[in-house]
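S.K.: As listed in TrEMBL for this protein:
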BINDING   135, 155, 158, 284  Mg(2+) binding site
Ligand code: LIP
């Protein structure tokens, strides 16, 4: 593999974190124009301007999406993802300009940025009222905010470290969430030509063929996907090592593929029986959640409660029984939220 990498440093994280914090507060306040209210007096009618600001009411109308609209969203993003796959394939075997983000093993390439730009520009041009969360936009200080509005959640290259090395286990991960719930999930490995798709209520597919999770319920027959991650925080690393030691003797085996989205796709197609991780971001898991749910699998927080997509914690399994057996063994870790 031609491993011509040129490394550059990303602007320092601290400045970015401060910027993100102030953006977060600012973006929450929104006023809508005052409303005119009518007071009916028995003898007559007069209009009174009640200058009370109202929040959020104006939005409810936009979020009820019917099936034909969802199908339009799905067809549009499927075609865009295929096109983005061409860009990734073109750069797969070429020299790469690699930027170091939060630490030496947290990387981004020009291809990540190019793919995210293509997807975001095309989707927001086609659907102007929609919102988005993109891995690289957040790295550049955009608030990571999931509201009730239709929101595209994009990881342009999930498994960037693999992409940098030319190890063909990476993918484009795109999801649409509406009212903070998943509607569409697409995970595409353009090198191995694996196109995983799901629409809520319409099933999960691999290259157009329906997929479902395995029927494995016992730990000793289970294959677990687990990651070391791109953080070298000693506390986090200690938890990863401890979980590896605890779990390995209990399972058939452990696999670490380097991509959260592809790990979830492996569980959805029954190739693995469970995947959990601390430290991932909403963009790593947003497409995998509907895929697992539509494949008949189980999605939760690693401690067993409901999944919080911004908590940076995830567990998925072939079924609830398997999940309930592995969760009590897990050493927990609580990273800073997205
Ligand atoms: C990666 C995830 C992986 C995790 C890495 C990183 P990226 O996403 O897919 O599961 O272990 O730390 O977050 O950075 O390649 O998009």
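Numbering starts at 1 and runs along the chain as it is shown here.
Positions of Cβ are set from backbone N, Cα and C atoms, glycine also.
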S.K.: I'd like the Cβ neighbour count for residue 284 (Mg(2+) binding site), meaning other Cβ atoms within 10 Å of its Cβ, all protein chains included.
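M.R.: Here the count is 24.
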S.K.: Could you tally the C-beta atoms, other than its own, that fall within 10 angstroms of the C-beta of residue 158 (Mg(2+) binding site)?
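M.R.: For residue 158 (Mg(2+) binding site), the count of other Cβ atoms within 10 Å is 32.
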S.K.: Provide the number of Cβ atoms within 10 Å of the Cβ of residue 135 (Mg(2+) binding site), excluding the reference atom itself.
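M.R.: Result for residue 135 (Mg(2+) binding site): 25 other Cβ atoms within 10 Å.
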S.K.: CB neighbours of residue 155 (Mg(2+) binding site) within 10 A?
M.R.: 32
